[in-house]
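Visitor: Have a look at this one.
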């Protein structure tokens, strides 16, 4: 830092008034070599302060790669990031437990399989309602005003910083209450003895799951802004991990018996009142009661409820930190070690400040003018993609267990639970590897690969619907490629428009709507049309998703998130011609350098992995 300051001072003495800083502006760039001020700095994501004479003052290099930058960002927000991921881990468990326990719950409440589709509908409907309520609540002005009454007075804090602190407290309290209620409803589910009670309990659970879904996504987006892609992948990896663990926890307690025939025999006999069927009825009822008494599925639900305690503790810690600021909190910006004070205008810019308190100004400066029509069309296409793929996720995760038992020969219920765990395990694995992939390629190409993989997996399973090995292969492929669709779609949308809390709510609600509609439709057709309807629906809907994707391609072709980024058409043409797309990179970082206060910002041609000298010709013309 001293050498940087001295080099600047030496280079500045040749110009009159160079010791006074006027209209200082700052921005970020990657890999800069400055020759006019005697300062040579290379690396990624440096803060660049430029006065109108063209002299520069930069922070010391902190790492020359995008991965280094993401590690730095994670280091600033470790606790919040881990907590949000833990919350989504709970959400994943809530989504995945119905699949392997469906037949056991059917047995406990003496219901038939076709009626159990309303269980999915109930949970998904109120997940949709919870998503909507969570989004509207967070974006409401009353949200901050309400929680501001609970926040103590802090010294040396501005009004905007207090508002951000209050917003953080509100988000964390909402998440804390939702996770607690999720754990409570988990303990109640196995105690339900009639279909109505089970539907009501899952409706309450679904409401709080929807709230978790929306609020956790909004919290992560607010925390990282345009750098959110790998962290959003990590968030949804945690969802997949929770969904993978859920069948593993339930497997030892499964009844391994299908009560659907017993329930049908009992109900048909009662309706007919045929004397000849009395003995059959008594035998069926006896077997049904025996199966109900032998069921131990309640232990699985109680274990999953206890597993929510660490998540509750993490959220309680965040609430505590919101109430009582700790040493090094970004609220006290004057004490940050990387703060530069520019004395002429008394401007202080904390370089390491928390994004939740001091938002990245790149998000406001680098946005192109997007019309309301373009924003609506981009949002609609993204919402349609999430509707399809989250619907397929809910339907496949919920019915692959039943499909395997009813369609594949010699498939026991215990093995079907393993297949269900295979789906969620590859789902979690796909989201894990997507964290690194998201830092290397753009969301557009990730999304295209995901859709292609899902389509191929469905076609393979449909071509050999009763084959044991192909079912495992197709399930693994489908889970892997399906895994990152949601975070990739959100990241892709964020590259074109600013994803506000309202847009986030629309996207989450669309996904929840798909999760509500698909299981009900497929569940009703499962008995009448056969289990194969699950795979046929998958092929048809993945084909439809390509139509939506290319519609988004056309709409977004005229939108460039940063002016230095190539349009989708140019990238596609370059790929077809076999040319190297130099700006393909991660496609997430902004590279702007503001040279003078009277000039508009323009993009740097600096790539993430190159060092390029900036021309000093404008200085000579002054």
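Note: Cβ is positioned from N, Cα and C throughout, glycine not excepted.
Marked as transmembrane segment by TrEMBL: 81-103, 115-138, 169-189, 195-216, 228-248, 299-321, 375-396, 416-433, 445-464, 470-491, 503-522, 534-556.
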Visitor: Which stretch from 81-103, 169-189, 299-321, 445-464 shares the most C-beta pairs under 8 Å with the transmembrane segment (470-491)?
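Guide: The listed stretch sharing the most Cβ pairs with the transmembrane segment (470-491) is 445-464.
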Visitor: Taking 169-189, 195-216, 228-248, 503-522, 534-556 as candidates, which has the most Cβ pairs under 8 Å with the transmembrane segment (115-138)?
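Guide: Selected stretch: 195-216, with the most Cβ pairs under 8 Å.
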Visitor: Pairs of Cβ atoms less than 8 Å apart decide it: which stretch in 81-103, 375-396, 534-556 has the most with the transmembrane segment (445-464)?
Guide: 534-556
Visitor: Same chain, outside the transmembrane segment (81-103) by at least 6, Cβ under 8 Å from its Cβ: which residues?
Guide: 74, 113, 116, 119-120, 123, 175, 179, 182, 186, 202, 205, 209, 212-213, 216, 219-220, 223, 231, 234-247, 250-251, 254-255, 257-260, 297, 300-301, 304, 307-308, 310-311, 314-315, 317-318, 394, 397-402, 405, 413, 416-417, 420, 424, 515
Visitor: Looking only at residues six or more beyond either end of the transmembrane segment (375-396), which have a C-beta under 8 A from one in the stretch?
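Guide: Counting only partners 6 or more residues beyond its ends, the transmembrane segment (375-396) has Cβ contacts under 8 Å with 95, 120, 124, 423, 427, 447, 454, 478, 482, 485-486, 489-490, 492-493, 496-497, 503, 506-507, 510-519, 522, 534, 537-538, 541-542, 544-545, 548-549, 551-552, 555-556, 559.
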Visitor: Going through 228-248, 416-433, 503-522 one by one, which has the most CB pairs that fall under 8 Å from the transmembrane segment (195-216)?
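Guide: Maximum Cβ contact count belongs to 503-522.
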